[in-house]
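As recorded in TrEMBL, the features of this protein are as follows:
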type	residues	note
DOMAIN	15-440	domain 'Major facilitator superfamily (MFS) profile'
TRANSMEM	15-37	transmembrane segment
TRANSMEM	86-108	transmembrane segment
TRANSMEM	120-139	transmembrane segment
TRANSMEM	178-198	transmembrane segment
TRANSMEM	210-232	transmembrane segment
TRANSMEM	266-284	transmembrane segment
TRANSMEM	304-320	transmembrane segment
TRANSMEM	327-346	transmembrane segment
TRANSMEM	352-373	transmembrane segment
TRANSMEM	393-412	transmembrane segment
TRANSMEM	418-436	transmembrane segment
Amino acid sequence: MGLAPPVAAATRKTVLRVIFISLLLDLISFTFILPLFPNLLEFYRNVEADADAAAAPSKTILSSILGYLNAYKAAFARPIDSRYDIVLLGGALGSLFSILQAIASPVIGHLSDRFGRRNALLASMAGNIVSVLLWVVAVDFRTFLASRIVGGLSEGNVQLATAIATDISDADTRGSTMALIGACFSISFTFGPALGAWLSSIGTVAANPFATAAGVSLFLIVTETVYLYLYLPETLPSMVNKPAEVTSSSSATATAAPVQRTNSHFLLNFVHMTFLLFFSGMEFSLPFMTYDLFGYSSANNGRLLGYVGLVASILQGGVTRRLPPLLSVRIGVVSCVVAFALLARASTVPALYVAATCLATTSATVVMGLNALSSFEAAEGERGGKLGILRSWGQLGRGLGPLLFTSVYWWAGREVAYGMGAVGISVVSLLTLFGLKTPPGSAVKVRVKANGRGGDKKEL
């Protein structure tokens, strides 16, 4: 299959700027709610308790969910403190969001291959606006749950930004372009949660004390949508490069031409899912561990996560973007094994921060590297769908990981849970070291001196 003509440098620069600004707005808005979950859910539980006190008790969605969670807690060999009720509920909602993403991501990806990245992204933004608008007016848990469901089914910004990045990059620039998307994550997760927590302290609507944070989130999403509508061009190669006289049948034939693959998409998807299964479980359990061992408050955990985000940002800006994708993935999963081993035995704050540094390395490398590898294994007309399926597998792991990992944590203790995590990530490491191969197009070109003259050499 012939490659699409290279994208002009000016066009690439423009699209990268639009992707970076829009994704930053989107992820900052998305992270507002993360530190608010405990207080949000406690607020809705108290609202229902007050309503039941004033009237005959009734069966609500929230009371039913809490009943199931209490039954789940009762199955553990050792008791779970009631303070974890809200945390378990937050984890259940997080899992619901991820599972909905697993369902929606392939659909969004295939739609972007058929109707264009721009149209698919604007449609996704419309769903995001509805989701955040529901949060603004959510004075009860039912409306808030509807907000999360709509958001889970419509959120496609990250995968579409990744698809757009592959559309406008070639083999030499793919890694640095993916690192730019990763930097958006790190920056957003460094500052977004703190900003969301501060906004939640500003009361504007008595019936919804989180309306200020939700309102600013809505403003950012609407601003992002308008910005994309005005400045994002279409990047899907089949729509941008197709001459007017080419018929739809010949275009379809070109799109359907086979592509030579180095790695199977099944293996890439399986690695992604298995990695996130263990990594997301660790992420979710980390605040419990720091509370139990060091008495950490939300502010302490916020500083820890901010440190992880800052280190990840520095690595993505200075290191990851220069690495071949497969080497980036291998470094990340090995760092994750070290982090799990440290967390299983950590008894001091310095040891905790050494593990956090390893986790920052993992955050800066693995997922973006797998996205880059998947894009090299996909033809131009199927990248959106393949990246959507990759994200779907990952979201499935992210949805199941917290529930499974915390179950082991409470049943068998911290050492066993993190020890099993280290074993699981070790299996992922073996798959990346001996199962995955370097696609020819992902080699990094470096300038070397040969016999006193400059020359290009490919370094894998």
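Backbone N, Cα and C define each Cβ position, glycine as well.
Residues 263, 267-268, 270-271, 274-275, 277-279, 281-282, 326, 329-330, 333-334, 336-337, 340-341, 343-344, 373, 405, 408 of the same chain, all 6+ positions outside the transmembrane segment (418-436), place their C-beta atoms under 8 angstroms from a C-beta of that stretch. Where the transmembrane segment (327-346) meets the stretches 86-108, 266-284, 304-320, the count of C-beta pairs under 8 angstroms peaks at 266-284. Sequence-distant contacts of the transmembrane segment (393-412) (same chain, at least 6 residues past either end, Cβ-Cβ under 8 Å): 76-78, 80, 88, 91-92, 94-99, 101-102, 105, 269-270, 272-285, 288, 367, 420-421. If you look at the transmembrane segment (304-320) against the transmembrane segment (86-108), you find fewer than three C-beta pairs under 8 angstroms, all six or more positions apart, and that falls short of contact. Contact counts against the transmembrane segment (178-198), taken as Cβ pairs under 8 Å, peak for 15-37 among the stretches 15-37, 86-108, 120-139, 210-232, 352-373. In this chain, the transmembrane segment (15-37) touches the transmembrane segment (210-232); three or more CB pairs sit within less than 8 A of each other, excluding pairs fewer than 6 residues apart. Summarising model confidence by region, the domain 'Major facilitator superfamily (MFS) profile' (15-440) averages a pLDDT of 86. For the transmembrane segment (352-373), the list of distant contacts is 162, 166, 174-175, 178-179, 181-182, 185-186, 263, 268, 271-272, 275-276, 279, 282, 290, 294, 304, 307-313, 315-316, 319-320, 323, 325-326, 328-329, 331-333, 335-336, 338-339, 342-343, 346, 387, 390, 394, 436, 439, 442: same-chain residues at least six beyond its ends, Cβ to Cβ under 8 Å.
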